[in-house]
Amino acid sequence: MIVIFLGPPGAGKGTQGKKIAKKINVPHIAIGDIFRTIIKTSTSEAELINNYVRQGELIPNEIVNQVIKNFLLSSEYKNGYILDGYPRNLEQAQFFESFITEKIKIIYFDILDELLIKRVLGRYSCKNCGKIYNSYFLQPKTDSVCDVCGSSTFDYRKDDTEEVIKKRIKVYKTETYPLIDYYKNSGHFYIVNGSKNEQEIEIDIQKILKIN
């Protein structure tokens, strides 16, 4: 099974991607995580990518396409996967279809801009296990202690400022809305209400994918 999660940054794709991937026993591939890993390396490619991220701009198609193709052609992904954050535009979708022959399902996370900004501004994660929290909506049960692993070290994304987020949303809409129209005619396009809480969204996705 190949499932694509579409939606603006902070819509909940990563959280749901990890959960659903575990349920159906396939890898979760998050393009944002891949590029954040690259940025931590001391390479010219990392510096180039980091410049786009800091300015709230989308990374050029040719860079994104090559990175994601290298991942997906690995034997690790031959039995399917959940793809989070790719493709983002028509050019990327057409590139994806040029080397992927399996049927796919596309799930779009529809969410209000105001809620999206709060979700992104408040987002942080445990450095040890990666559990995601939010200073507005989801704090650890014990202050500064991860619910999952007990670590007290957390990671706050420095690129998540309100100005950058608003620019990212604007760029996303310009780039991705034509892609949504394209996929709507595929017969395999579904919309979930990203403004619902985490558990409700998970249930909606499970119904779409016909899993328990």
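Glycine is no exception: its Cβ is also placed from the backbone N, Cα and C atoms.
According to Swiss-Prot, the ATP binding site annotation covers Gly10, Ala11, Gly12, Lys13, Gly14, Thr15, Arg123, Ile132, Tyr133, Lys196. Close to Arg123 (ATP binding site) in the fold, though at least 6 residues off in sequence, lie Gly10, Ile132, Tyr133, Asn134, Arg157, Asp160, each with a CB less than 8 Å from its CB.
The annotation AMP binding site is assigned in Swiss-Prot to Arg36, Glu57, Leu58, Ile59, Gly85, Tyr86, Pro87, Arg88, Gln92, Arg157, Arg168 on the grounds of sequence analysis. Pro87 (AMP binding site) falls outside any helix or strand according to DSSP and counts as coil. When Cβ atoms from all protein chains are considered, those within 10 Å of Pro87 (AMP binding site) total 26, not counting its own.
For Cys126 (Zn(2+) binding site), other Cβ atoms within 10 Å of its Cβ number 21. Per Swiss-Prot, the feature Zn(2+) binding site maps to Cys126, Cys129, Cys146, Cys149; the stated evidence is sequence analysis.
Mean model confidence for the region 'NMP' (30-59) is a pLDDT of 83. Annotation comment: Swiss-Prot describes 30-59 as region 'NMP'.
Beyond the ends of the region 'LID' (122-160), by six or more residues, the same chain brings 10, 14-15, 53-54, 56, 198 to within a C-beta distance below 8 angstroms of the stretch. Among the features that Swiss-Prot reports, region 'LID' is placed at 122-160, with the record citing sequence analysis.
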Say you check the Cα of Gly12 (ATP binding site) against those of the binding-site residues Pro87, Gln92, Cys146; which is nearest?
Pro87
Check Cys149 (Zn(2+) binding site) against DSSP and tell me helix, strand or coil, would you?
coil
Separation of alpha carbons, Gly14 (ATP binding site) and Pro87 (AMP binding site) (Å):
15
How long is the line from the C-alpha of Gln92 (AMP binding site) to the C-alpha of Cys149 (Zn(2+) binding site), rounded to the nearest angstrom?
37
Spatially, which candidate from the binding-site residues Gly14, Cys126, Cys149 is nearest to Gly85 (AMP binding site), comparing Cα atoms?
Gly14
